[in-house]
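Taken straight from Swiss-Prot:
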type     : residues                                                                                            : note
REGION   : 1-231                                                                                               : region 'Pyrophosphorylase'
BINDING  : 10-13, Lys24, Gln77, 82-83, 105-107, Gly143, Glu157, Asn172, Asn229, Arg318, Lys336, Tyr351, Asn362 : UDP-N-acetyl-alpha-D-glucosamine binding site
BINDING  : Asp107, Asn229                                                                                      : Mg(2+) binding site
REGION   : 232-252                                                                                             : region 'Linker'
REGION   : 253-453                                                                                             : region 'N-acetyltransferase'
ACT_SITE : His348                                                                                              : active site, proton acceptor
BINDING  : Ala365, Asn371, Tyr372, Ser390, Ser408, Arg425                                                      : acetyl-CoA binding site
Amino acid sequence: MERSSLAVILAAGDSTRMKSSKSKVLHPVAGRPMIGHVVEAVAGAGVGAVALVVGRDADNVAAAASLKGLQVEAFLQKERKGTGHAVLAAREAIKRGFDDVIVAYGDVPLITSATLDRAREAIAAGADVAVIGFHTDRPTGYGRLLVENGELVAIREEKDATDEERKVTWCNSGLMAINGRNALDLLDRIGNSNVKGEYYLTDVVEIARSLGRRAIAIDAPEKELTGCNNRAELAFIERLWQERRRHELMVDGVSMIAPETVFLSFDTKIGQDVLIEPNVVFGPGVTIEPGAIVHAFSHLEGAHLAEGAVVGPFARLRPGANLHANAKVGNFCEVKKAEIGEGAKVNHLTYIGDAFVGAGSNIGAGAITCNYDGYNKSETRIGANSFIGSNSSLVAPVTIGERAYIASGSVITDDVPADALAFGRARQEVKPGRAVALRERAKAQKEAKKKSS
């Protein structure tokens with residue numbers, strides 16, 4: 001029988017050290033609010049319900065924590081009286097009865113489903129409390145996990161630790177799992193007889209043991225448990241996330257020439273044998289099929305590249321850009337809300353927006369689709385195997401038929417039939433010797449200005 005699980009995610013802090021107009025859990029890591037990463041991790045661990053403890057920016061935090069298919073309920077913590085008090089803000093959710101309760105933090109976005117799974121497994125195996133800890137060579141400031149004969153006997157805060165206990169390098173992350181059937185009994189026994197008068201969640205370890213119940217500690221990588229309190233730590237977490245995701249992609253068959261210069265989003269999907277050159281940035285919503293190439297200094301967001309497509313260098317793909325197989329968008333091009341058909345080429349210095357470019361078509365340098373009249377967007381449709389000459393302007397709405405030719409420098413405002421050749425420019429005139437007269441006149445004007453000044 002599958003075990004039921006509730007995750008209580010604490011996200012009610014004032015975020016003072018972040019020095020921000022919004023809660024720190026709303027700050028993005030890889031293009032997604034921190035809280036969103038935590039919710040995804042608990043969902044991946046099989047959690048069926050989330051109790052989100054909120055304070056500042058409650059509505060925005062709750063919105064950022066929503067995840068399709070997962071029940072997320074927000075509980076307002078009106079007063080800040082410690083972590084134990086924060087968890088009990090979700091009392092109504094806890095008392096519904098779950099096999100296990102996970103306590104996580106909205107500002108620890110690198111936590112993985114695998115680690116949370118292990119905590120749940122420990123509860124399923126008979127422990128009443130499973131605390132997630134980490135080993136570090138810099139334990140100063142952290143609570144220490146005191147273990148005897150494989151059992152966690154206490155979490156000792158540094159200020160209360162003996163000299164011998166301070167030598168312990170296994171530290172408390174704050175995350176834990178609790179037997180859901182006993183959770184309220186344990187939590188309600190937490191007292192506030194301390195200098196700050198607060199209710200500390202860490203007390204559940206000694207409370208459980210005093211009742212003859214088991215508490216254990218499980219280990220996780222220190223980096224995974226990194227918390228965020230200020231902008232410097234946010235940048236560090238971003239770096240750790242990027243390093244981890246790049247490594248995962250490269251192990252899965254993606255080539256990156258200089259991975260440290262590639263920046264991914266939380267939902268970037270890249271297939272095998274894709275080559276990513278240096279200094280590429282992926283915004284949210286990008287999918288790249290096998291065998292595609294993204295050249296250096298390109299920026300992609302909300303785009304899809306089919307097998308064998310080529311982008312860049314110095315290209316920008318905006319939301320709705322869809323490159324079919326073997327299509328190419330080259331240097332200094334921008335594509336937005338446009339289909340680029342199979343084998344079509346948009347090689348350089350071009351803007352294609354709100355458009356359809358048929359298979360095999362060639363878009364010359366400097367050609368643009370004029371899609372906006374100041375009020376409305378309109379579509380440009382270019383048929384298969386058409387040729388759009390350099391420096392042409394296609395004024396939407398307009399349709400270019402299959403195999404049509406547009407002469408260079410044209411301004412096209414009317415539809416062009418298939419197989420037609422269209423010109424939309426003034427006829428060239430040549431006036432022999434006129435350049436000499438123009439130069440003499442300009443020179444005389446310049447001399448006259450000098451004399452008058």
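Cβ from N, Cα, C; glycine included.
Where Swiss-Prot records a feature, it is marked here on the structure.
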| residue | record | DSSP class |
| --- | --- | --- |
| Leu10 | UDP-N-acetyl-alpha-D-glucosamine binding site | strand |
| Gly106 | UDP-N-acetyl-alpha-D-glucosamine binding site | coil |
| Glu157 | UDP-N-acetyl-alpha-D-glucosamine binding site | coil |
| Arg318 | UDP-N-acetyl-alpha-D-glucosamine binding site | coil |
| His348 | active site, proton acceptor | strand |
| Asn371 | acetyl-CoA binding site | coil |
| Arg425 | acetyl-CoA binding site | coil |
Same-chain residues near the region 'Linker' (232-252), Cβ under 8 Å, at least 6 residues beyond its ends: 18, 24, 27, 29-30, 34, 37, 109-110, 223, 226, 259-260, 262-264, 268, 270, 272
Mean of the pLDDT scores, which run from 0 to 100, over the region 'Pyrophosphorylase' (1-231): 94
Binding-site residues compared (Asn229, Asn362, Asn371, Ser390, Ser408) - highest count of Cβ atoms within 10 Å: Asn371
Distance check against the residue listed as 'active site, proton acceptor' for the binding-site residues Gly13, Gly82, Gly106, Asp107, Ala365, Arg425, keeping those with Cα within 10 Å: Ala365
DSSP state at Gly82 (UDP-N-acetyl-alpha-D-glucosamine binding site), helix/strand/coil: coil
Whole-number Å value of the largest CA-CA distance among Ala365, Asn371, Tyr372, Ser390, Ser408, Arg425, listed as acetyl-CoA-binding: 22
Surrounding CB atoms that lie within 10 Å of the CB of Arg425 (acetyl-CoA binding site), all protein chains: 14
Cβ atoms near Leu10 (UDP-N-acetyl-alpha-D-glucosamine binding site) (within 10 Å, other residues, all chains): 27
Cβ-Cβ neighbours of Ala365 (acetyl-CoA binding site) (radius 10 Å): 18
Summary of DSSP states over the region 'Linker' (232-252), given as helix, strand and coil counts: 20 helix, 0 strand, 1 coil
From binding-site residues Asn362, Asn371, Ser390, Arg425, the one whose Cα lies nearest Asn229 (Mg(2+) binding site): Asn371
Nonlocal neighbours by CB distance (under 8 Å) for Arg318 (UDP-N-acetyl-alpha-D-glucosamine binding site), same chain, sequence gap 6 or more: Glu301, Gly302, Ala303, Glu334, Val335, Lys336, Lys337, Gly353
DSSP three-state assignment (helix, strand or coil) for Asn362 (UDP-N-acetyl-alpha-D-glucosamine binding site): strand
Cα distance (Å, whole number) from Tyr372 (acetyl-CoA binding site) to Leu10 (UDP-N-acetyl-alpha-D-glucosamine binding site): 46
Tyr372 (acetyl-CoA binding site) and Gly106 (UDP-N-acetyl-alpha-D-glucosamine binding site), distance between Cα atoms, whole Å: 42
Largest tally of Cβ atoms lying within 10 Å of a Cβ, found at which of the binding-site residues Gly13, Gly82, Gly106: Gly106
